[in-house]
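Annotated transmembrane segment per TrEMBL: B:21-41, B:75-95, B:107-127, B:133-156, B:168-189, B:209-229, B:259-282, B:297-317, B:324-345, in sequence order.
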Amino acid sequence: MTLTIQGLHARYGAVPVLHDVTLAPILPGQFVGMIGPNASGKSTLFKTLSGLVRPSHGTIRFGDTDLCRLCRRDRARCIAYMPQAFGCNAILTVYESVLLALKQTTGWRVADANHDRVAQTLAALNLSHLADRGLGNLSGGQAQMVAVAQTLVRDPAIVLLDEPTSALDLHHQLSILSSVRAEMQRRGTIVMAALHDLNLAAKFCDRLILIREGRIMADGTPEDILSLPEIGETYRVETALERTRRGSLYVDATLGAAY
Amino acid sequence: MAMMTDTAGLRAGYVAQTARRYFVLAMAAALLTLSFVVDVATGPGNYPLRTVIETLFDPVAHGVQIKVIIWDYRLPIAVTAVIVGALLAVAGAQMQTILNNPLAEPFTLGVSSAASFGAALAIVMGWSVLPVVGALMVTVNAFVFALLTCGFILFATRLKGVGSETMILFGIAIFFTFSALLALMQYMASEDQIARIVFWMMGSLGRASWEKIALGAALLAVVIPFGLMRSWQMTALRMGETTAQSMGVDVARLRVEMLIVVSILAATAVAFVGTVGFIGLVGPHIARMIVGEDQRFFLPLSALAGALVLSLTSIISKSLTPGVIYPIGIITALIGVPVFVSIILSTRRRSLS
C-alpha cells in the first residue's frame, strides 16, 4: 500500500507551519529522506502524519484508509513516529521500555510473541547487550538507538524517524541506518527520516524531499535533488555535488561569499 | 543459533525480573500483615499477643472488655492506618506520574492545607459547604475543599504553558493562601476551637470509624484495578509526553481521567485523618527504588509501602510514651523524613538491576 499526502496544511495557533504539502505516492519499502534547514517543518510534517498535530486542511491516505479518521491507537498501529531524542528519567530497563512501546497496541498481558518481537528488534539493531541496562545509564547515542527500537518494535507500516542519527558517532550512524534500511525493506515498510547530514541522506535514501519554510521545494532521487541549486539556497551555503572514487555521492559545502 | 539463545536469554532475564517483583509484592504484603497485627497488639492495656490474636479470630474468647478494646478501638485505628496509607500513596504515585514531578503529592499540591481550612471553617464558624451533614460537617468540609483544590489543579494543568515545575509553584501558592485563611480562622476562634483545629491539623487516626473504613476500602477496590488497567499507558507517560503520544496514548484524556480519580482519593484520605504529609511522597519513592516504574508493580507496591509506613507510624505513635498516643502527622515528619532522606542518599547511585 502507498502513502499519499495531498494539500496538507498545518498551523500552531495562528502561525502556519505547513503550506499545501502534496507528495507523489510513497511506495512500500521506500526510504525517504526529509532534508531542509532547522525549523523548516520536517518535525511538524511528521507530527501531522502521526496525528500529534491536527492538519487544518488536506488528506493523508494509506492505501484506501484515511489516516485522519483512525482513532489514536489504530493510527499508532499503522504509523510509528520517533520524536527527536530528549532523554527521559524513567526508571525502566531498555528491555522494559521497548516492550512498553509494543504493549500500547497489544493486549494487557505480556505474551510470548511480545518477547520474541522485543528480542528480535533489539538483535536487529545490535542492542541486545543493553537489554538489562537502565534507561538512566545510557549515553545519548544509546538512548537514541533505543528510541529507534521502540519505534520499530511495533512493526508499523510506516516509520517516521526524526533525526535518528543526531547523537550517534560515525560507526553507529552507518550501522543504525543500514540496519533500519535492511529490516524495513525486508518488511516492506515505508521509512521517512529527517536527516541533517546530506551525505548520509545520499547514501541511504531512495528518494529525497527538500522542505523549506513549510513548503515542498523538490522531490526526487538523491542525485537529482542534491545537484539542484536550491540546496545551496535553502541551506544558505555554496554546494557542489561530486562522486567519490568509491562511487558515493558527496556534497561539498562551503559558506561561500554570498552568505 | 547464536541469536536464538540470545532471544531466549533476554526473555529469561525479564521473566526472572518479573518473578522477583511478585516476590517483593508478596513480602510487602507479609510485612504489612505483621505490622498490622503488632499495631492491634500495642497500646495501653498491655495484653499478651496471643490474647489479642485469639480475640481477633473469636471476639468473646477473653471476655467483653478485651473485645471492646480490640474491636471498637484498636482495630478501626489499625485498619484506618492501612487504608489511609494506601490511599495517600496511590494518590501520590499517580500524581507524580501524571504531573511528571517526583514532588507531587496531596500535601505539596496544597490539598491538605485546603482541607485544613475547610475543617477550620466548620469548627469555628459552624459553616458547612453541604447542608444537612450534621456531625460529619468537619469531615465533609475538609473533603469538599480538598476536592475543589484538586479541581483547580486539574484546571491548571489544562492551561497552556503550565509545566511540571509550575504545578508545584501553584501548590505552594495554594498552600500559603489557605495557611493565611487558616490563621485568620484561628485568630477568630475561641481557645477551645483553636485546640480542635490544631488537633485536626496534626493528623490523627483516632477519628476512625467502620463507615469511613468501608468507604476508603471501596475506593481502593475501584481505583487500584482502574490504575492497573491503564498501567501500560501510565508507564508510557514516564517516557515523556510526546513519546507517549507517538506510541498511541491519548495523553490529555489519560491525565484528566487519572486526576479526577486521584482527587477523590486524596480528598477522602485527607478528610479522614487530617494533615499527614510525607506518606504520599515516601510510599511511591520506596516502590520506585525497589521495582522501578513499570506501573503494574509500581502502583500496588506504592499502596503497600504507604500502608506499611502509616501502620508502622501508628505503632510508634503508641510506643513512644506509655499511655500516650501522639498524633501521626508529627510522627511521620519527625521519624519518617530522616529515614526517607537516608534511603534516598544511600540508594541514589545504585543502578536499577
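Just so it is clear, glycine is given a Cβ too, placed from its N, Cα and C backbone atoms.
The largest share of C-beta pairs under 8 angstroms with the transmembrane segment (B:259-282) comes from B:75-95, of the ranges B:21-41, B:75-95, B:133-156, B:168-189.
Scored by C-beta pairs under 8 angstroms, the transmembrane segment (B:133-156) has its highest count with B:168-189, from the stretches B:75-95, B:168-189, B:209-229, B:324-345. Highest Cβ contact count with the transmembrane segment (B:324-345) among the listed stretches B:75-95, B:209-229, B:297-317 falls to B:297-317 (criterion: pairs under 8 Å). A Cβ distance under 8 Å defines the sequence-distant neighbours of the transmembrane segment (B:21-41), meaning residues of its chain 6+ beyond its ends; these are 47, 49, 52-53, 56, 70, 74-75, 77-79, 81-82, 290-291, 294, 297, 300-301, 304-305, 307-308, 311-312, 314-315.
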